[in-house]
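Peer 1: Here it is, the structure, as structure tokens.
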Amino acid sequence: MWPPDPDPDLDPDPAGRSPPGAPVPGLRALLPARAFLCSLKGRLLLAESGLSFITFVCYVASSASAFLTAPLLEFLLALFFLFADAMQLNDKWQGLCWPMMDFLRCVTAALIYFAISITAVAKYSDGASKAAGVFGFFATIVFAIDFYLIFNDVAKFLKQGDSADETTANKEEEENSDSDSD
């Protein structure tokens, strides 16, 4: 199963009944593509949703149950972004600023996980609270890596846009200065 096959588009039915190029019927059509799950963004979103779910379960079983809302919301948001990226909704709904929404989701998740993990480890003494705090710290690291990578991608995109604007502005200035010197 891992590492990915060289041709991820060909994922035949396990029973071998469907031809390789045929669409997969039923609920398997809703699953994210294997190529996306093997990408860096897919792995980060899987790790975020998995760690958020484990942290949520630990908070449910602990005496620090007041903190269970944040991991539940982050789990649901990570699942939403996982399927939105896998189904390429960012290409279909271009009116939304997907990188900014994903960046803000990761930044707020990292900050909230860090704060509630410190509180869970320091204030509560039961094992489930300590486990939730440890998984929360791991989730903080994964969310921080994700927002760092998103920030770098957005910064590269903005620098490319700025350099294109500067070159056209410089060309216009040169053309205007040549006509004024006559």
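Backbone N, Cα and C atoms are what each Cβ position is placed from, and that goes for glycine too.
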Peer 1: According to TrEMBL, region 'Disordered' applies to one of these ranges: 1-20, 121-140. Which one is it?
Peer 2: 1-20
Peer 1: Residue counts in helix (H, G, I), strand (E, B) and coil for the domain 'MARVEL' (36-155), per DSSP?
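Peer 2: Helix, strand, coil within the domain 'MARVEL' (36-155): 105 helix, 0 strand, 15 coil.
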